Amino acid sequence: MSMNSIRNLSRRGFLNMSAAAGSSLLLPQGILSSALAAGPLPAVAEEEAVIGFGHVGPITDEGWTWSHHQGLLAVKEAFPKLKTTLEVENVPYSADATRTYRQFVSEGANMIFDTSSTGDFLHQVVKRAPEVAFMECNGHALMDNLGWYYLAHWYPTYVMGVAAGHLSKTGQLGYVASFPVASVYASTNAFLMGARTVNPDATLQTIVINSWFDPQAATQAGTALIDNGCDFLFGIMDEAGYLQVAEKRGVWAAMWNTDIRRYGPNAYVSSVIIDFKDFYVDQVGKRLAGTWTPGEHILPMGGGVDRDKWGQNVPEEVGKAADEVREKILGGWSPFVGELKDKDGKVRVEAGQKMTELELYNWDWSVDGVSGLES
Amino acid sequence: MDLLTGLLTTAFLAGAVLALAALGEVLTERVGVVNLGVEGLMAMGAVTGIATVTVVPSPMLGFLAALVVGALFGMVFALATVYVRANQVLCGLALTLMGSGLASTIGRNYSGMPSPVIFEPVKVPVLSEIPVLGPAFFSQNILFYLIYLILPIFFSYLMFSTRHGLNMRAVGENPAAADAAGIPVNLMRFSYVTIGAALAAGAGAYLTLAFVPSWSDGVVAGRGWIAVALVIFAGYRPIMATLSGLLFGLITALGFVGQARGWPIAPAFLSMLPYLGTVAFIIVPVLAWQKMRRAMAAPAALAVPYYRDMR
């Protein structure tokens with residue numbers, strides 16, 4: 001285990017700086033879904049199986065937690081005879097998380113999903129319950145009974161960036177960021193790289209609001225960005241705050257998690273749509289059948305993450321141009337190929353070199369043109 | 001829009017929530033009751049506001065409904081703290097927990113739904129043409145003028161220029177003396193706690209009907225606690241409470257504008273501004289205005305239940 005730098009911290013678990021363990025860095029780069037040497041856990045009869053979900057927010061958030069809750073519903077539908085499912089909302093990033101997951105174990109859970117990485121708080125439980133399978137969303141550690149999963153959100157984000165390049169008149173893009181963590185670096189970089197294929201002078205200004213969910217702060221951040229000349233807003237929030245600002249001020253906005261176009265039908269461009277249903281059903285199925293092994297899963301575009309249907313005001317040719325890029329990516333092409341320079345002009349990815357999925361997952365520097373994350 | 005206008009617009013918008021909630025808390029504390037339930041009241045007001053406008057599409061009605069719900073909760077709180085004389089801190093915390101929990105339960109049906117109607121901005125003729133201040137202040141919704149002009153001036157006049165206001169302050173300073181002078185202490189406390197609670201709920205409704213504008217669990221996000229803190233900084237004065245709400249909004253806005261402009265200051269530091277501001281708010285007045293110490297002091301009987309037979 002090696003301690004990662006602050007920027008490699010998990011998506012949700014930014015606050016505890018000591019908690020990130022970067023075992024994935026020790027694995028051969030680019031190999032995903034790799035299993036450890038330990039054998040799979042024994043099979044469980046469906047009638048006796050208990051599946052637990054711990055969420056970071058409320059399932060009514062219409063965003064991140066809602067999507068994971070849909071996954072739980074899909075599991076229930078696929079395995080109607082499950083003895084019981086456990087679900088706890090608003091699991092904090094603290095020792096309370098440990099208590100929550102320990103409670104799951106004592107209630108007989110066979111498989112537990114931590115839908116928003118709680119790092120060491122979860123790992124303490126993982127080590128003490130070797131017969132229980134754990135999956136940590138946006139985790140970084142791999143153990144005999146712990147795997148992690150996330151989404152290749154940088155591809156649909158790149159596609160939306162292409163659309164933003166077409167739609168933005170000023171070339172100034174705004175970004176409402178939560179914390180300077182890897183998913184935010186990947187998101188901002190991919191977005192600007194997409195936009196720069198159309199408008200090479202485009203820039204991206206970020207505002208960090210230190211929360212995944214704070215409609216008030218997101219509203220103010222969106223207002224400040226627009227006041228400063230941005231005419232396209234993007235962000236990584238679990239709510240629609242800045243979309244409503246964009247609607248009011250007549251600029252474009254792209255979102256995360258779910259289709260929330262009704263908050264701002266005129267401003268809405270698209271969204272990074274997430275869908276964990278198939279993944280959860282697959283994982284639970286494997287656990288019941290006794291074939292589950294801990295792995296690292298980054299769900300690809302088209303298999304858990306995608307762009308949403310284009311907004312009503314997005315011109316057809318813009319959608320088409322962006323979708324051509326999407327098709328290319330689906331066909332195996334990667335936009336994340338060197339030469340890539342950071343904002344100081346230092347070459348970070350050599351010419352011709354392709355970034356691996358794990359490098360994208362652990363992205364911790366801003367490409368040239370993205371400002372506000374590093375100071 | 002230029003820098004200053006943008007800064008002021010954001011500041012006014014964000015400050016209004018705090019200004020209204022802090023004003024309500026000023027009234028409450030002036031009669032000697034600490035209401036720590038502001039956070040819960042705001043949550044209830046926020047959800048009441050949006051629940052009402054989904055049935056009747058009138059933002060004013062939504063706001064009024066929030067005031068009524070806030071008043072009802074305030075009466076329960078006042079009953080417990082003024083007449084039963086239960087511990088005010090504990091009752092306040094209970095109110096926060098109950099209000100937030102109840103609001104999130106009721107709000108389940110409304111979360112993820114934009115408010116069907118909101119308070120539309122009203123451009124004040126002539127005044128909205130003033131550079132900088134015009135677009136920032138005189139082109140806002142009607143609640144805005146209520147929060148920044150009408151209510152603080154009204155309550156300030158009431159509190160400092162009328163006999164009723166003198167009585168009200170006497171109840172907070174020395175209820176026994178007030179009682180001896182024939183002022184109905186408990187009734188006075190009950191009334192202003194109720195009004196203060198109504199205003200706090202109104203601040204919540206401002207969130208969902210004008211500022212954000214939609215309900216989501218956790219939309220209040222701790223502003224209720226900040227409002228309670230602002231009251232101390234404001235020296236328990238209505239106009240000062242409004243201004244300190246605005247100042248707090250300004251400091252918050254400064255953080256966002258600084259990031260948007262790419263000022264060479266660490267974003268972490270800019271996000272820290274509101275909290276550094278709070279610390280400064282508390283320390284600076286104490287150090288700088290030693291002579292005003294008495295004027296800025298808390299009502300002497302704050303948080304002390306009044307027993308007539310223990311005079």
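Each Cβ is built from the backbone N, Cα and C atoms, and glycine gets one as well.
Record features, source TrEMBL:
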type	residues	note
TRANSMEM	B:61-82	transmembrane segment
TRANSMEM	B:89-107	transmembrane segment
TRANSMEM	B:142-160	transmembrane segment
TRANSMEM	B:190-212	transmembrane segment
TRANSMEM	B:218-236	transmembrane segment
TRANSMEM	B:243-262	transmembrane segment
TRANSMEM	B:268-289	transmembrane segment
So which of B:61-82, B:142-160, B:218-236 is most in touch with the transmembrane segment (B:268-289), counting Cβ pairs under 8 Å?
B:218-236
Six or more residues out from either end of the transmembrane segment (B:243-262), which same-chain residues have a Cβ under 8 Å from its Cβ atoms?
3, 6-8, 10-23, 148, 226-227, 230, 233-234, 270-271, 273-274, 277-278, 281
Can the transmembrane segment (B:89-107) be said to touch the transmembrane segment (B:61-82) if we require at least 3 CB pairs below 8 Å and skip pairs under 6 apart in sequence?
yes
Within the same chain, where does the transmembrane segment (B:218-236) have neighbours whose Cβ lies under 8 angstroms from its own Cβ atoms, ignoring anything closer than 6 residues to its ends? I mean 6 or more beyond.
17-18, 21-22, 24-26, 29-30, 36, 38-43, 46, 96, 100, 104, 200, 203-204, 207-208, 212, 243-245, 248, 274, 278, 281-282, 285, 292, 295-296, 298-299
Which sequence positions outside the transmembrane segment (B:61-82), separated from its termini by at least 6 residues, show Cβ-Cβ distances below 8 Å to it?
33, 35, 37, 40-41, 44-46, 48-53, 88, 91-92, 95, 99, 117, 119, 143, 186, 189-190, 193-202, 204-206, 208-209, 305-306
